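Here's the structure we're looking at; comments come further down.
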Amino acid sequence: MLLLPRCPVIGRIVRSKFRSGLIRNHSPVIFTVSKLSTQRPLLFNSAVNLWNQAQKDITHKKSVEQFSSAPKVKTQVKKTSKAPTLSELKILKDLFRYIWPKGNNKVRIRVLIALGLLISAKILNVQVPFFFKQTIDSMNIAWDDPTVALPAAIGLTILCYGVARFGSVLFGELRNAVFAKVAQNAIRTVSLQTFQHLMKLDLGWHLSRQTGGLTRAMDRGTKGISQVLTAMVFHIIPISFEISVVCGILTYQFGASFAAITFSTMLLYSIFTIKTTAWRTHFRRDANKADNKAASVALDSLINFEAVKYFNNEKYLADKYNGSLMNYRDSQIKVSQSLAFLNSGQNLIFTTALTAMMYMGCTGVIGGNLTVGDLVLINQLVFQLSVPLNFLGSVYRDLKQSLIDMETLFKLRKNEVKIKNAERPLMLPENVPYDITFENVTFGYHPDRKILKNASFTIPAGWKTAIVGSSGSGKSTILKLVFRFYDPESGRILINGRDIKEYDIDALRKVIGVVPQDTPLFNDTIWENVKFGRIDATDEEVITVVEKAQLAPLIKKLPQGFDTIVGERGLMISGGEKQRLAIARVLLKNARIMFFDEATSALDTHTEQALLRTIRDNFTSGSRTSVYIAHRLRTIADADKIIVLDNGRVREEGKHLELLAMPGSLYRELWTIQEDLDHLENELKDQQEL
C-alpha cells in the first residue's frame, strides 16, 4: 500500500517512477501528512528504500529477462565425501619432530637427561620390593642363633629400602622438571606455526569456518599436545620399561608359571583396553563436535548481541544453544558409561591374575619352596605392576582422546595455501603512483555464480577513480582481487604493466590502504588501533595522523583519552568516529594505492561531508592512486574517472558530465533518481520550516 501525501514533489516523483516502471514489487510504504516535522526520518527513509528498489530493478532488468527466458537446468547435488583422518602414528611422528628437533642440541641433551632420569627412577623403584623381602626374611629367624645377622645389617637394609623409594620419587620429579621446558617449547612452536599457517590461508577459507569452533579446536589441540607428551614420556615409556623388568624378575625368580600368568594378564589387559577404547572413540568425537557447535552458537550470539536484542530472539538462541548442549550432554553420558565398563573390565582382569598369583605363592610357602619374603616380594611386584597397569588404561584413554583433539589441529595445518608467492617474486617500485589494469577478469565466490564476467578496465596512476553499480555487481570484489584475498578464475590483474601474481604478496599489500565500510577494530585502546596501521610508527607520527583525521576532538573529550577501550568491534564509539579512526590508520600506513569501500555509506549527511573533506585534504589527486567504491553518486562526482558496473561487466566509463550526456546511460538514470530524492529532502525541509 502506498498513500501519496499532498506534497506535490513527492507525488510527482513517485508517480513518475511508477509510469516509467522503475518502482515495482516494493514493500508497503506509508507516507503520513500530519505532523510532518516529526515524521521526516520515516518519510525520507521510505523514499530511500524506493530508490534502492528502483536501482536494483534498473541494473538487473536484463539479467532477470535472460533468466526467465533461459531453459532450466537440473542441478545435481554432490555428496560430500568423508574427510580423511590422519593416522595416529603420523600425528606422533609429526610431534616427535618438535621433541627431537634437528640442529637444536640443547633440546636433545634435555631429552637424553630426562631419559636417563626415567631409567634410574624405574630401576630404583623395582629394587624397593627386594629390600622389603630381605627385611622380612631377616626378621623370620631364631634370634638366639649365634649366626644371626647383626641388627645393624637389618637397619642398613631398611635404610636402603628408604633410599631406593625416595630416590625413585626424586629422579621422577627431576625428569619432570627437565622435560617440562621441552614440552612447553613444543606446544609453543606447534601453536605458533598453526597460527601462522591460518593467517596464510585465503579469505574464502576463513569465511567458510565458524570462529568459535575453530578457536575451540585449536585450544583442545594444544592441550592435547601437552597430554600426549605427558602420556608418552611420563607414563607409556616408563610403564613399558617397568613391566618388562618385573616380568623378567618374576620369570627368573619364580619360574615359567608366574611368567605365563603375567604375560597372559598383560596381553588380555592390553587387548581389552585397546578394543574398548577404540569403541569409545566415536563417542568422544561426537562430544567434540557438539562442543564445537555449542561454542560457535555462544560466540556468534555474543558477537551479534545487538542483532539479538533488535529482533527479540533471545529465546530462539537459548533454545539453539540448549540443543547443542543437550547433544554434548548425551555424548558425554555415553563417554562416562563406556568408561565405567572399561574400568570394571580392567579391574576384573587384574584382580583375577593377582588372586591366581597369590594362591600359587601361598602354595609355594606351604610346600617350603618359597619363603614368606618371597610371598611378600610377589605381592609387592604384582601390586607395583598394578599401578602402571591402571595408569596404562587411563593413559591410553587420554592418549586416544588427545590424539583425536590433535587430529583437528594438525588437519588445520594441512589446508592448502592457495594464495602463494611466485618462485622469484618481484618488489614493487617505491615512491611512484601505480596504475591498475583488469584484463578480461572473471571471478565468482561460488562456481555457479560469477561476480565479475570478463571485466576489463584501467585505473590510471595518480587518478581519483570511482566504481559504482548496484549491490552484487562486483565493486567490493575488485578490492579483494587487487589485494589478493582471492585470485581470478581467468584473466589478469596488472599493476604498472605486471601481473600482480609476480609481485611479493607482502610488498603488494604494503602499498595498498583500505578504508572499509565497516571498520574492523580490536578490543583495545584507540592508540593501539591507530598504531595497527604501522606497528613501528613513532608516537609523533601517530599523533599527527590523529589530528589529520580530525580524531583529536573526540580523544580530548574522553576521560581516558588515547587509552580508551573501543570495545568489541568498536561498539563503544560511533560510526563516524570509527571511520575517522580508519582514516587515521590508513594515513599512518602511508600507502600509494587507496581503496575507499563505501566508507561513508552508513553515515549521516553531516558526518559524511566532514569525512569527505578530511579525505580530500589528505588524499589529493596525483600523489596517490585512489579508488572510491560508492553508492551515493554525489560523493564521487569530482572523480577523474567513473567506472559503472552492471551485473559483473563494465557498462560505462567516463567523467561525471560525460556519463550524464551519454544517451541511455545507466549512470544518468541512477543520478536522476538520487537527485529527485535530494530534491524531495529539500522540499521536506522547507515544509518543516513552515
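Cβ atoms here come from the backbone N, Cα and C positions, even for glycine.
Going by what Swiss-Prot states, the ATP site holds G469, S470, S471, G472, S473, G474, K475, S476, T477, I478, L479, K480, and the candidate of Y434, Y445 recorded there is Y445. With respect to the membrane, Q134 and I436 are recorded by Swiss-Prot on different sides. In the structure as shown, the Cβ atom of R284 (glutathione binding site) sits within 10 Å of 20 other Cβ atoms. Sequence-distant contacts of the transmembrane segment (111-132) (same chain, at least 6 residues past either end, Cβ-Cβ under 8 Å): 99-100, 157-158, 160-161, 164-165, 167-172, 174-175, 178-179, 182, 233, 237-238, 241-242, 245-246, 249, 373, 376-377, 380-381, 384. Note on the transmembrane segment (341-359): residues 258, 261-262, 264-265, 268-269, 272-273, 276-277, 280, 375, 378-379, 382-383, 386, 389-390, 393, 397 of its chain, located 6 or more positions outside it, place their CB under 8 angstroms from a CB of the stretch. Following the DSSP three-state reduction, the secondary structure of K480 (ATP binding site) is helix. For the transmembrane segment (229-252), the residues of the chain that approach it from at least six positions outside its boundaries are 92, 95, 99, 114, 118-119, 121-123, 125-126, 175-176, 179, 183, 186-187, 258-259, 262-263, 266, 378, 381, 384-385, 388-389, 391-392, 395-396, 398-399, 402, judged by C-beta separation under 8 angstroms. Here the domain 'ABC transporter' (436-672) returns a mean pLDDT of 86 for the predicted model.
Here the CA atom of S344 (glutathione binding site) lies 64 Å from the CA atom of I478 (ATP binding site).
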